[in-house]
Amino acid sequence: MNYINEEYIEDYIRSILPESNLYLQKLENYAEEYNIPIVEREVAQLLRVLIKIHKPKRILEVGTAIGYSALVMAEATEGNCYITTIERRKDMVKIAEKNINNTIYKDNIKILYGEAENILPNLKEEYDFVFLDAAKGQYLRFFNWCMDLTKKGGLIVSDNVLFKGMVASDKLVVRRKKTIVKRLRAYLKYINHIEGYTSCIIPIGDGVALTYREE
């Protein structure tokens, strides 16, 4: 249990979701077997809905892992977008490349290997949609770089912002996570008060923040 929603609520929501495509099911099973964090199925569905509403042509993702969320987003656009995704772990890059190359979206997704803090300041493109799902303690830094990369009218989605409920309750905070929790609280306060942006927090999965750059 992640202390965001009651387990029976999570179970019910997941029970009524449509089944993932076979290649996504394989990735879900792989992630579970090898304990690799990927977005929860209900968060994946939220991404699908947001993308179908927003219809982005260029997507930026920070945190590729095994390529699951990049493929979810590519599928949601029916291949009518280009996704740039950043991953710092070489082993994850290799797995993600293999997973992506086995799909019809291999030409729609480009993986950049390296630290986001080194890559983001050097990107030149503008993006309609940004998905942050990497080092949670660095979200504020990532966001500040992404502000310049996000088009007006664009959307920045941040995953795991409630961090197993710790962000909302000191009683749940474990000592080794205090710094991350402190930084996430600062991040959420920042995105909810920064001029020119409108944000909300959705308590599904491990907490998802949506930030709209006003036109």
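Just so it is clear, glycine is given a Cβ too, placed from its N, Cα and C backbone atoms.
TrEMBL entries are annotated by machine, without manual review.
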Quiz item: Considering the Mg(2+) binding residues Asp159, Asn160 given in TrEMBL, which of Asp128, Asp133, Asp148 is annotated for that site as well?
Solution: Asp133
Self-check item: Same S-adenosyl-L-methionine site per TrEMBL - residue from Ser20, Ser69 joining Val39, Glu87, Glu115, Ala116, Asp133
Solution: Ser69
Quiz item: Taking the Cα atoms as reference points, how far is Glu115 (S-adenosyl-L-methionine binding site) from Asp159 (Mg(2+) binding site) in Å?
Solution: 18
Quiz item: Since the record lists Glu87, Glu115, Asp159 as binding-site residues, which of them has the fewest other Cβ atoms within 10 Å of its Cβ?
Solution: Glu115
Quiz item: Non-local Cβ contacts of Asn160 (Mg(2+) binding site) (under 8 Å, 6 or more apart, same chain)?
Solution: Asp133, Lys136, Gly205, Asp206, Gly207
Quiz item: Using C-alpha atoms, which one of the binding-site residues Val39, Ser69, Glu87, Ala116 comes nearest to Asp159 (Mg(2+) binding site)?
Solution: Val39
